[in-house]
């Protein structure tokens with residue numbers, strides 16, 4: 001039997017079509033790689049051609065060249081069934097929409113350049129459909145697809161905000177009041193009314209064209225089936241497009257002055273673009289989609305064309321490429337037009353990652369849970385649980401639910417409101433800095449934006465602490481707030497250290513400081529931070545013990561079992577020992593256990609306090625510099641602030657480290673010791689061993705203890721007494737294990753190792769005698 005029909009298909013964890021061997025796909029991958037590189041080269045050449053050829057004439061020539069080739073080789077009129085009148089109407093509509101999308105595509109190319117056009121427009125339909133599915137439906141495909149959608153959005157944002165594309169070249173290319181045609185004038189006017197720059201408008205235009213193109217391809221599938229195939233439809237559509245564009249091209253040729261000195265010099269560039277962009281890419285991608293999985297073809301194709309775009313973007317403006325191009329260009333444009341920037345490189349990385357994730361196949365083999373066997377002995381599996389577990393909500397629904405949870409709880413609500421206030425002030429400061437060209441305002445604005453990361457971390461931690469416990473995280477996520485506070489504390493220590501080092505260096509050589517905008521910025525920041533001080537002061541004063549913000553981290557008890565089988569072993573996991581099989585305690589403890597340490601809120605408060613001290617220091621140093629010219633005041637204030645920040649964050653780090661290291665809570669340590677003394681005096685209890693107590697979160701103190709009791713003692717009564725004593729001491733999640741002599745004898749019989757038998761024997765000896773030496777029968 002062949003391998004693809006063997007039992008390994010079942011054991012591989014996936015049912016369905018068997019993939020072709022990688023050796024057979026290598027030729028198609030190499031062909032796809034070569035084709036995508038040629039297409040990227042053709043797009044770069046198209047950008048050069050569009051500088052001298054009108055966009056409508058350019059599209060007309062591309063459609064005409066591809067029509068001649070496809071009509072000659074496809075023979076759409078002689079092959080296949082005859083086309084009806086209704087189908088011809090659909091073909092005309094198809095051609096018209098294709099012309100519109102081509103206009104948007106190539107106009108975006110003139111605005112953004114070839115590299116950015118390839119990054120934005122050359123995405124497979126699978127990638128875009130997966131992206132839209134994640135954003136607007138509830139069946140997004142899991143966390144990986146959501147992560148891919150987030151990467152795609154981040155990539156577009158990087159192009160919009162962090163890609164400093166050429167400004168002077170754009171001004172020289174289309175000065176105000178002059179445009180090549182009514183079409184370009186209309187689009188430039190639209191960008192002006194929207195208030196966006198041409199580069200950013202080109203990015204948005206290409207994203208819009210990409211969505212239109214995917215919808216256009218999806219709607220064309222039924223028509224291609226009716227016509228007789230996608231290749232026949234493409235040939236007829238290009239032919240009709242040439243007919244539609246012909247009157248427009250004739251009018252443009254008669255009414256506008258041409259920039260082209262000799263059309264013969266453009267024959268080879270146009271042939272290159274027609275062959276690489278319009279013909280070869282269409283045919284090769286059609287073949288590869290059939291021979292390979294569409295998702296695999298999309299992943300390889302996206303990576304190859306993006307990598308080719310980065311490679312050509314780095315070398316296309318190099319003087320060596322003058323030998324590769326057929327057109328003459330001014331020398332000063334070789335290094336100014338759409339060059340590589342940090343923003344576009346980061347964007348390309350995120351586009352590659354998003355394409356790999358979104359194009360991955362969501363068809364996975366389900367791993368079922370063994371639930372038993374049939375009467376014939378066949379194993380039975382349950383797949384429904386995993387299927388339900390792997391479903392995830394869409395991004396808008398997830399954000400809506402998260403916002404609802406944030407606003408329900410006091411601490412997260414306070415962090416969210418202050419984060420919004422801080423972000424508003426930050427963006428106002430950045431906007432005013434850009435408007436006034438103030439580097440000081442811009443640097444302080446981005447500094448505050450960086451500080452908002454601490455608030456975001458605190459907000460996420462406050463939200464995660466309310467997540468329900470899972471099979472993997474059985475204690476829940478309450479300790480996330482401890483981790484958040486610890487990270488914020490370490491972050492502040494690093495800041496204080498670098499501020500201290502810089503302040504010491506500036507004491508010996510105080511620099512000149514421009515104080516023009518320092519005072520209003522510092523006063524505004526001080527007002528914002530004082531609001532945060534008032535909002536988070538309760539976190540610094542008494543942690544999580546606040547009547548207005550009760551903790552939602554309930555102390556769930558585990559199951560309490562009192563066994564009195566042949567070996568008389570009592571074993572219980574209980575929160576308070578009721579005399580029945582299973583007990584659960586969901587009540588809040590308002591005793592000493594409720595006074596927990598909310599390290600997350602303390603970390604947020606420490607960050608706000610550090611910013612407040614910074615604003616005060618800037619105000620004081622500004623006054624001293626203006627009034628007395630004391631330049632040394634700035635490093636002295638910074639030195640003082642660094643010491644204060646370090647001193648204020650040390651208690652937070654100390655408490656967080658104690659919780660992480662599972663120390664007995666200080667506020668319950670004395671009560672636990674008293675409770676242990678009372679436990680040792682209980683009737684019927686001989687001794688106890690292995691007492692472990694630790695703080696899990698702000699409202700949960702957990703513990704375990706083993707108690708040795710006499711043979712005639714009722715286990716549940718001992719469990720109830722021990723649990724009650726430790727609960728009063730502040731332990732609200734307790735596990736009690738009751739041990740009798742028969743249990744040790746049973747374990748000694750089962751043990752085969754010498755050390756195990758020795759330990760059990762010693763434990764039996766401690767059980768047989770009271771503290772006064774009386775022997776127990």
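Even glycines carry a Cβ here, placed using N, Cα and C.
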Transmembrane segment per Swiss-Prot - which of 361-381, 382-402, 445-465: 445-465
Check: residue 146 and residue 690 same membrane side, Swiss-Prot record: yes
Of 190-210, 211-231, the range Swiss-Prot labels transmembrane segment: 190-210
Given ranges 265-311, 312-358, 547-593, the stretch to which Swiss-Prot attaches the annotation region 'Disordered': 547-593
DSSP three-state assignment for residue 607 (Zn(2+) binding site): helix
Summary of DSSP states over the topological domain 'Lumenal' (626-629), given as helix, strand and coil counts: 3 helix, 0 strand, 1 coil
Cβ pairs under 8 Å between the transmembrane segment (485-505) and the transmembrane segment (95-115), at least three: no
Tertiary contacts of the topological domain 'Cytoplasmic' (285-299), as residues 6+ beyond its ends and Cβ separation under 8 Å: 19-20, 25, 28-29, 31-32, 35, 124-127, 230-231, 355-356, 359-361
CB contact flag for the transmembrane segment (95-115) and the transmembrane segment (29-49), at least three pairs under 8 A: yes
For residue 607 (Zn(2+) binding site), the number of other Cβ atoms found within 10 Å of its own Cβ: 27
Neighbour tally for residue 451 (Zn(2+) binding site), based on other Cβ positions within 10 Å of its Cβ: 20
Nonlocal residues around residue 611 (Zn(2+) binding site), in sequence order (Cβ under 8 Å, 6 or more apart): 448, 451, 525, 529, 532
For the topological domain 'Lumenal' (170-189), the mean pLDDT of the predicted model: 50
